[in-house]
Amino acid sequence: MEVPKKLVTTVSGCADDALTGLVACNPGLRLLQGHRVVLRNDLAAIRGRVAVLSGGGSGHEPAHAGYVGKGMLTGVVAGAVFASPSVGSVLTAIRAVTQAGAAGVLLIVKNYTGDRLNFGMALERARAEGTDVRMVVVGDDCAFTKPGKAGRRGICGTVLIHKVAGALAEAGASLDEIEKKVMAATKVMGTLGLSLSPCSIPGSKPSFQLAADEMELGLGIHGEAGVRRMKVLPADKAVETMLKHMTDPSSASHLSLAPGSSVVLVVNNLGGLSCLELGIVAGAAVRCLENRGVSIARALVGSFMTALEMAGVSLTLMLVDEELVRLIDAKTTAMAWPNLLAGLATTRREEIPAPVEGPKKPQDEAGTGPGVVRVQRVLERVCSTLLDMQDKLNELDRGAGDGDCGHTHARAAQAIREWMRARPPPSAPGQLLSALADVVLEHMGGSSGVLYGLFLTAAARSLRSRSDFPAWADAMDAGIEAMQRYGGAAPGDRTMLDSLFAAAQALHSLRNPSANLLQVLAAAVQSAEAAAEATRHMEAAAGRASYVHSSRLEQPDPGAVAVAAVLGAVLEGLRDTPQ
């Protein structure tokens, strides 16, 4: 097993460097000289108020220093990665806030042996110096049904305790009152994690391994073992499994969650989960809680307490009353606390009605007669061609793009087929191209969908009032001009425009009064195919391929190949259809 790559300057200095960078970017923070301690820069403002300190190992960013600020933590003490901070640094932080005039100090500590020992020892020494210091130990983990002597681990719910304590301190509450209310809050809270991958301390191998089709329930934030490995589940099923485990009455560490309860929900990225997945999990969590009759007073979604690069998520639930919600809503300058609007989280939010299209004009109605049959046969030939070459286009696209050119064109083909099944297409050329533009813009996706939409929309305008052969040549030119104006490509840039431009030059022969449509179109197809093949030797100057070195572009451009194929299908469809 290899040591994973990390973007650090030195392995030994990564915790210090991370804090230095955070403080450099936040004028509200200061480092305590000679210690891995971050404090508010306005310590004078805490005179007469309780100071709230927390901390623990690094590697959980933005915890802990991201929560230092007015209305939240007064300061934090950081250890090395996944290691408790020293007694000396904790004691120095207590002395710093005491000398600034704090009316007592509250330590918020996650339930890990090292943190309890080091913060506890510092507390005893500070008390010996005459300081009024209290310590609240947070154990919110719901993983183990029968927690051992060590008790429940402290994980992401600790961030909510930071917020509650900081808001109370900012409001001027006494140390006794803060300690009492914070202790009560810790007892109505639960968290559970789910991981798809391990994490690794800089310079070390991953802490464990998971098979490609496995996920683990109940991991700790240092990569400690969870309670169950299982096959990877869809997000909604994974969330249901998590909430069921968290609230199972047979578990000694469960959270009692009755219908009618009100909660604050935290959907926490453990470090390596994409924001897209996080949003999916958040929606599933809200939906699942609503189905249980639970009201989500507030929902926080983001990275709050991570485990380095672990790809996973944790869910935290805190049962709340009006006072706790007010404390969660209270203002803070802590940079990692989200800027939330007050209000319930719900999947039942009323949607904004989409604008209603105006009544269709008579000329927009579906056509009838032999012209419609011809259009249907031509379009069906185009669709079947694109579906047949889906894999080929994907393969061509892998060298320079993300390998989805075939999928994109197949989506357009399927959408056109469904559109034709729903109603006969218009036979008037301008209306037909305009309607096709709507279909590809709605269903095709990607830049190709927009480019085809631009082409068809501009071409349709040229065919609005006439449909003779010269009008088709004009329409081709108008479509290409629109693509160039907005897409920025030109012939020779190794794009779909190369095939279109070559075909357009051949279609100029339609302006000749004696032009034969099929002959001219056959010449246009040959020109498009030759141009598509020629892109194999071109330097890409536009589109995604322009970011790839030319030595890696050994295949013709997939967009140009697709255009040539579409034109070829149109020709075949017209040949097979009586004129």
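Glycine is no exception: its Cβ is also placed from the backbone N, Cα and C atoms.
Predicted automatically and left uncurated, TrEMBL annotations should be read as such.
Here's what TrEMBL has on this protein:
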ACT_SITE  His222  active site, tele-hemiaminal-histidine intermediate
BINDING   Gly57, Ser58, Gly59, His60, Lys110, Asp115  substrate binding site
DOMAIN    10-337  domain 'DhaK'
DOMAIN    373-572  domain 'DhaL'
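For the recorded positions His60, Lys110, His222, counting C-beta atoms within 10 A of each C-beta gives the highest total at Lys110. Around the Cβ of Ser58 (substrate binding site), 25 further Cβ atoms fall within 10 Å across all displayed protein chains. Residues within less than 8 Å, Cβ to Cβ, of Gly57 (substrate binding site) and separated from it by at least 6 positions along the same chain comprise Ala78, Gly79, Ala80, Val81, Phe82, Ala83, Ser84, Pro85, His222. Remark: Gly59 (substrate binding site) has Ala15, Val81, Phe82, Cys199, Ile201, His222, Thr306, Ala307, Leu308 as non-local neighbours, by Cβ distance under 8 Å and separation of at least 6 in sequence.
Residue pairs drawn from Gly57, Ser58, Gly59, His60, Lys110, Asp115, the listed substrate binders, are separated by up to 15 Å at the Cα level.
Listed in sequence order, Gly55, Gly56, Ser84, Val109, Gly154 are the same-chain residues six or more apart from Asp115 (substrate binding site) with CB atoms under 8 A from its CB.
The average pLDDT for the domain 'DhaL' (373-572) in the predicted structure is 88.
Excluding the listed site residues Gly57, Ser58, Gly59, His60, Lys110, Asp115, the same chain places Gly55, Gly56, Ala63, His64, Ala78, Gly79, Val81, Phe82, Ala83, Ser84, Ile221, His222 with Cβ atoms within 8 Å of the centre of the substrate site Cβ atoms.
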